[in-house]
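**Student:** Below is a structure I'd like to ask you about.
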Amino acid sequence: MYSLARPFLFSLDAERAHALALRSIDTAYRTGTTALLARRPVPLPTPAFGLIFPNPVGLGAGLDKNGEHIDALFALGFGFVEIGTVTPRAQEGNPKPRMFRLPEYQAVINRMGFNNLGVDALVANVQRARRTGGLLGINIGKNKDTPNEEATSDYRYCMERVYPLADYITVNISSPNTAGLRELQEEQSLRRLISDLRETQEVLSAPHGKRVPMLVKVAPDLNDRDIDAAARVLADLAVDGVIATNTTVTRTLVANHPLAAEAGGLSGAPLLGQSTLVLRRLRARLPESIPLIGVGGINSGADAVAKMAAGASLVQCYSGLVYRGPQLIGECVNAIRRRREAPSGGAVSPL
């Protein structure tokens, strides 16, 4: 079905096609025809962060920024859906056009800039959702006009608002599309921010009667020394998990494309190798008690297996859905199932 719709979607501006695809998924959900888009995979229960995921394949943050399509997305067969990035106050993001497809490379460049309706709107949408079929992650960020010195207050405010509703919370400090945001990954800044948020997490756990896992999403552009420093901080502060990785600002593998000079984060197939290297290095340097989610460049079941082989407990797709459609979900689940059933399925590939 998606193969028939793709030529029309690709004839549209990328952001307009994005919105139309979401409306189509909603329509399929309301009319009970989601099965025409994707066959729900057989469950493959997967433990991580003290939770049991129905299957290990999730939706990465960015597709549903405001939590407006949660039930329709779960119906496609995701084991978990991550919504956001959401900020305390609504913001428009960067000027359009701000999303570009590179079909020759099965890639996307975006400079959305955390466009969202604000955390209160997201909370209202989540409260209305039925949320059947999977677990819900909520990805939080800071407003673009909040200085880094005050970033903790933005993240804390979002955490307090979404805590009762989230199955896990992701702290996004790695988007390249908010000026200065990635500076929060520097060792001392990271330690201050995550220490404060870990304290907030523990304070919130008592009144809500539950401890919601807190994950940190990192960039693929960190050098080895930065990765080692980040791993040191995240291990010291005992975060619940790490998502590796966000989009990249490098253009090495798409340098000859006419859109390569567009500012923003590159995602899709060219990111697979770079993001998987970061994932593997983090797995080698973090304790096994901190699970990893592998994201970046997954366009096939084999790509998902590569993430698992590098040490991921779960994987997420996003740009791959643009090129492959919802069938990618079941393909990834089934590939991971076959790997799990193989005699060497638990091995992590060496550095």
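Heads up, the Cβ atoms here are built off N, Cα and C, so glycines get one too.
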**Student:** Which of these, K65, K210, does Swiss-Prot say binds substrate at the same site as N110, R111, M112, G113, F114, N172, N177, N246, T247?
**Tutor:** K65
**Student:** Out of G32, G268, G273, which does Swiss-Prot tie to the same FMN site as A61, G62, L63, D64, K65, T85, N139, N172, K217, T245, G297, Y318, S319?
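**Tutor:** For the FMN site that includes A61, G62, L63, D64, K65, T85, N139, N172, K217, T245, G297, Y318, S319, Swiss-Prot also lists G268.
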**Student:** If you count other C-beta atoms within 10 angstroms, which of the binding-site residues K65, R111, K217 is the most crowded?
**Tutor:** K217
**Student:** Measure from the Cα of N139 (FMN binding site) to the Cα of every one of the binding-site residues G113, N172, N246, then give the nearest.
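**Tutor:** It is N172, whose Cα lies nearest.
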**Student:** Starting from the Cβ of G113 (substrate binding site), draw a 10 Å sphere and report how many other Cβ atoms land inside it.
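**Tutor:** Other Cβ atoms found within 10 Å: 20.
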**Student:** Go through A61, L63, our binding-site residues, and report the one whose Cβ sees the most other Cβ atoms within 10 Å.
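**Tutor:** Max Cβ neighbours within 10 Å, all protein chains included: A61.
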**Student:** Which of the recorded positions G113, S175, N246 has its Cα nearest to the Cα of K65 (FMN binding site)?
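**Tutor:** Nearest in space to K65 (FMN binding site), counting only the recorded positions, is G113.
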**Student:** List the Cα distance (Å, whole number) between L63 (FMN binding site) and N172 (substrate binding site).
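**Tutor:** It is 15 Å, counting Cα to Cα.
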